[in-house]
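Below: one structure, written as structure tokens.
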DNA sequence: AGCACGCCGACT
DNA sequence: GTCGGCGTGCTC
């Protein structure tokens with residue numbers, strides 16, 4: 001579709017008309033900004049294209065913006081400034097995405113600029129000095145113009161050149177952007193955005209024949225000359241076998257991996273060195289393509305009968321439903337079913353998006369998918385650099401990636417023809433963005449996307465969210481269930497260990513029950529692996545004086561400081577504050593300052609003392625902070641060099657280890673009794689998911705030990721029996737009684753200020769106004785959250801419940817926004833910050 | 001979000 | 001006398 005101004009306003013004859021563009025700016029201001037379109041730009045400017053604009057006082061800042069609207073009505077009250085540059089000849093943001101941006105900013109009550117900020121990889125955002133580099137994969141014999149040839153030669157000499165530098169080379173009158181565009185089209189060069197973070201291409205050292213020997217005749221002469229040097233001749237022959245230069249001389253340009261030539265013997269190494277010295281070969285470096293498809297493609301996926309049946313059921317449901325919930329127990333082999341469905345969707349010519357929670361994406365799943373889909377699959381992950389994200393973005397536009405696996409932000413990729421979206425581990429709370437706006441839920445956004453593009457959505461989970469299961473029960477989603485593990489594997493036996501009782505009998509060793517220790521020991525003897533789950537990092541969560549009960553607290557937040565033994569310091573898990581461990585109590589001077597409670601670090605420590613011969617690893621936020629630490633831990637554990645893995649909820653997600661036969665769970669009680677209406681659901685999900693890590697292969701029935709002070713709790717019985725239905729029935733009744741989701745929508749308003757009185761005043765006023773309008777039953781609070789002070793700001797929460805059927809959610813949101821705006825314009829309260837979290841978890 | 005303008009403390 | 005603290009207000 002041509003959206004340029006000329007076609008939009010073709011009815012306007014007057015050449016003197018000035019055009020304006022309403023732009024989305026990457027700033028948290030709830031409106032669009034109107035700029036003037038310079039005369040010559042009107043022809044090329046399109047909705048969805050990026051532009052560069054001056055912004056702020058004295059043109060202080062330069063921003064990248066996206067064109068949201070084009071029109072010819074001058075703004076009133078101010079003089080619009082000019083757009084300074086157009087970055088895209090074609091829309092970078094599709095009309096689908098613009099629609100998505102608008103919908104999200106309204107639905108999630110945030111600024112459209114915030115949406116744009118998360119949606120675009122920063123490589124497409126930061127004031128961009130675009131750079132160009134030679135594409136090492138370029139297949140030479142393409143028709144090139146003399147100018148192109150010249151630029152290419154220059155580019156080969158440099159790692160990368162900017163448009164400006166290329167402009168100087170071409171000289172006056174040359175049209176650099178046009179030439180670059182053409183070269184990009186021929187895949188001869190790669191354009192990337194220069195960002196703060198330097199572009200560090202992965203380099204591979206390759207070799208090729210010196211130019212002198214590219215032609216057949218010279219090559220023959222060379223081989224004759226090497227007749228008396230059999231080793232060297234052999235190396236050249238080997239090269240020619242891989243790169244048939246004698247048939248297609250241009251192939252030589254691509255060269256060959258050095259490692260391929262001297263793979264087996266040491267001798268060829270020295271011969272090669274000589275050949276290089278004598279300028280028969282030359283070495284050069286090229287950029288490693290990011291997602292090399294050097295993986296062995298997997299043979300056809302074989303589905304078991306149960307899997308095939310499930311896949312067929314899902315397809316059948318899709319005939320009538322747009323959304324299907326797939327409830328398959330842990331280890332039932334959901335991935336194979338997904339692969340089957342993805343292949344079907346791709347065969348139908350549509351795009352596919354496979355969403356995974358952040359942490360699950362780094363694991364084995366990606367490798368498995370890559371074996372099947374190779375370089376047709378894009379990977380979108382936050383641990384990837386910006387350039388890699390931009391590559392995926394462009395790959396979606398170009399059609400190279402018909403299929404993308406990604407984390408929540410992958411919903412922002414420029415899809416225009418989605419046929420299927422899979423939301424794996426649908427219940428995962430990490431799909432909801434918590435901290436910066438937009439506070440969106442990727443699962444819900446995905447459903448919106450699918451709705452617009454007539455795609456099907458498959459929600460997959462072993463422990464579906466109550467919300468989704470309820471929709472399925474109501475017939476609004478399809479439902480397919482699979483209660484059989486893959487192969488002959490069976491669900492693990494789950495046993496409860498009464499720690500109260502063991503304490504009385506004095507059989508506990510620190511935090512470990514004798515029952516758990518026994519199992520750990522036999523597992524160690526059998527050389528099988530164990531996983532220990534404690535959802536709390538650090539050494540211990542409190543440091544307390546035994547004499548006066550003083551507790552170490554964060555100076556900025558209303559929480560106790562956690563003791564981290566490795567760095568011998570106290571740390572706040574909310575603001576990051578660190579301080580030294582006090583030798584004596586700062587209040588009474590007593591030396592009896594002790595740590596209380598335990599986290600993963602302490603468990604690891606004690607475990608090592610109990611089992612000195614065991615190899616133990618810990619996986620939590622603290623041990624996975626380094627770039628590849630997460631993968632490294634998984635690899636080591638997978639490789640079998642590790643006997644026990646201690647971890648936080650990080651270990652519950654999607655890990656698939658063959659040799660794990662024991663899972664131990666500490667402090668289940670703390671999970672169950674968390675003061676939140678979702679605590680039961682969460683505890684069930686978490687404990688079921690961790691348990692699911694055990695006994696995933698036939699022949700080894702797994703065992704799970706849950707330590708609790710009260711084994712009678714009904715939820716624990718449900719976990720043992722894997723009774724999701726029972727949990728659902730009970731919980732949904734509770735939700736209905738108290739009008740919680742899925743029977744209502746929740747909006748949480750958080751009011752923040754450094755002065756507690758001001759914060760409270762604003763919160764009370766807001767709550768009063770909302771109660772007046774919505775009724776008492778729909779407004780809860782203001783109340784202090786569990787942690788009422790973070791970073792020296794005092795917090796108050798107001799929770800609003802809106803029934804799905806009875807109320808117009810849009811109107812309510814608009815009303816809330818108005819009341820917030822009122823408060824923010826009040827002289828005394830304007831410095832408070834109020835954030836809305838729609839569908840808060 | 002940034003950035004300028006603005007009105008009050010400890011420094012050459 | 002100034003440098004600079006960060007409160008507050010605006011950005012097409």
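Backbone N, Cα and C atoms are what each Cβ position is placed from, and that goes for glycine too.
The stretch that TrEMBL tags with coiled coil, taken from the ranges A:454-481, A:482-509, A:510-537, is A:510-537. DSSP classifies residue A:545 (Zn(2+) 1 binding site) as strand under the three-state reduction. Sequence-distant contacts of the coiled coil (A:510-537) (same chain, six or more residues past either end, CB-CB distance under 8 Å): 495, 497, 499, 502, 562, 573, 597-603, 606-607, 610-611, 613-614, 620-622, 637, 640, 642-649, 651-652, 657, 659-667, 670-671, 686, 690, 693-694, 700, 703, 705, 707. Long-range Cβ neighbours of residue A:575 (Zn(2+) 2 binding site) (same chain, at least 6 residues apart, Cβ-Cβ under 8 Å): A:554, A:556, A:557, A:790, A:791.
The Cβ of A:588 has fewer other Cβ atoms within 10 Å than any other of the binding-site residues A:554, A:572, A:588. The separation of residue A:585 (Zn(2+) 1 binding site) from residue A:572 (Zn(2+) 2 binding site), Cα to Cα, is 19 Å.
Of all the binding-site residues listed here (A:545, A:548, A:557, A:585), the one with the fewest other CB atoms within 10 A of its own CB is A:548. Using the Cβ center of A:554, A:557, A:572, A:575 for Zn(2+) 2, the list of other same-chain residues with Cβ within 8 Å runs, in sequence order, A:555, A:556, A:559, A:561, A:573, A:574, A:576, A:577, A:790, A:791.
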